[in-house]
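First the structure, in the form of structure tokens, and then the observations on it.
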Amino acid sequence: MAEAGTGFLEQLKSCIVWSWTYLWTVWFFIVLFLVYILRVPLKINDNLSTVSMFLNTLTPKFYVALTGTSSLISGLILIFEWWYFRKYGTSFIEQVSVSHLRPLLGGVDNNSSNNSNSSNGDSDSNRQSVSECKVWRNPLNLFRGAEYNRYTWVTGREPLTYYDMNLSAQDHQTFFTCDSDHLRPADAIMQKAWRERNPQARISAAHEALEINEIRSRVEVPLIASSTIWEIKLLPKCATAYILLAEEEATTIAEAEKLFKQALKAGDGCYRRSQQLQHHGSQYEAQHRRDTNVLVYIKRRLAMCARRLGRTREAVKMMRDLMKEFPLLSMFNIHENLLEALLELQAYADVQAVLAKYDDISLPKSATICYTAALLKARAVSDKFSPEAASRRGLSTAEMNAVEAIHRAVEFNPHVPKYLLEMKSLILPPEHILKRGDSEAIAYAFFHLAHWKRVEGALNLLHCTWEGTFRMIPYPLEKGHLFYPYPICTETADRELLPSFHEVSVYPKKELPFFILFTAGLCSFTAMLALLTHQFPELMGVFAKAMIDIFCSAEFRDWNCKSIFMRVEDELEIPPAPQSQHFQN
């Protein structure tokens, strides 16, 4: 019985919807008929005469005020639309029209299969957007105390955002802590130090951890029970405390290197001890994993210190040894540090060998991989490349390969060329980057701009060819050429990672919606009319009457019809009518 009632209601609802969709004219005439029947009880004639009398008594000042009010409202709508577009990247009116008005007008299909498919598609796209908008740690990140803080002292600007530093704190807690830290007082202090927001509190905690370790290091162990001989046993130093001091307290790279060497001595001892005990239980295994992360981090930062201090060959050797010793730790992306150091040495054959290993279709790409490959291809032809000669004779095979490599790199990250060509000013790179985003472009160009300048003609080739990439991908948010479509979320994530004084590069460049342009034009036009009418009422009245006479004249209607017919003939390419021929008998 309930099912029958439900079916009847569904049929009634569908009939009403059908009647409103296809029989709107019938409803319209019914309303007109009711108005005509009820014209006497409703006193429609009297009301119309009252309204006409009221309109006749209105002065021109009322119309001027009305026009000014509409102009003010249009201006407020324009300001709101512009703010909403800058914040969310879309028009508010357009979004409301598509999201709310379109379903009411019957623009949504009610088929359950389509709904299920769309929901699955939405979940897939959301999953893809989450993976594409993953934030990565910058493998070439600077030192806070020796580089970021010195920039703040000189300029008074903060180069790092709170969001970026919060991500670094989470990384430190993941890499440098484990569940057994509470058993060792120094590690327990450092576990709290990594969660501190105040830099001075973190530095004080690191010093406290080293002092506690120094006090507890003198443990008296009797060698023989009946003897008075004692041994002084030194406990291992806290390696993570030295890491924090090297990163945040050291004001020069040389000071940071000294602290990292002390951290290496302490971390290497902890790593060897935990390596022997890692199979004794899950607790020892977690401790060994933590000690491995600490040791790899220290060695990588020592190699970066050597690179900063000009000992590039030593840095390359340290990076190669580290990659051989820990080949599975790809989270640090040490190969990108190695590529930058090899480019500094101009060891292009070694760079090509590293690219052959890491520029694989199964491995995640980066701007360093793609643009370094493009630089090597451009190096072979850039010194002799000329756009005029290429336009006359065409591109050779080597030039075509170089152009394709540049197009591939630009498709992966379209923000990099503006920094390499110095069309946008560089800032200090953040500690975290977003693949294919503006943050990654800054991090790459900050270290690799000198390598592009060193190759003669490379920047000229990039300048002549990089914009051709966009012709191959006219809709980058929907379909890519060699990579997945460009993720939509990069702009929002980059604004969180980059400081407020930097103008975030947006791709693809959003154009102002039609609603904003229309509102701006309408607002300006009505404001101008209101001002002119208020200042010159008689002249504007004569002008309005003249315009009405022109639009209502027969000559204007004839000219408009002729222009319309001529335009139709041009578009349809209607041939002229053949002329009649007269034959004489």
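Cβ atoms here come from the backbone N, Cα and C positions, even for glycine.
Residues annotated as transmembrane segment in Swiss-Prot: 15-35 (among others).
The N-linked glycosylation site feature in Swiss-Prot is assigned to Asn47; the stated evidence is sequence analysis. Other C-beta atoms found within 10 angstroms of the C-beta of Asn47 (N-linked glycosylation site) number 10, with every protein chain shown included.
According to Swiss-Prot, the transmembrane segment annotation covers 62-82 (among others), on the basis of sequence analysis.
In the three-state DSSP scheme, Ser386 (phosphoserine) is classed as coil. Long-range Cβ contacts of Ser386 (phosphoserine) within its own chain (separation 6+, distance under 8 Å) are none. Marked as phosphoserine by Swiss-Prot: Ser386.
As annotated by Swiss-Prot, transmembrane segment applies to 512-532 (among others).
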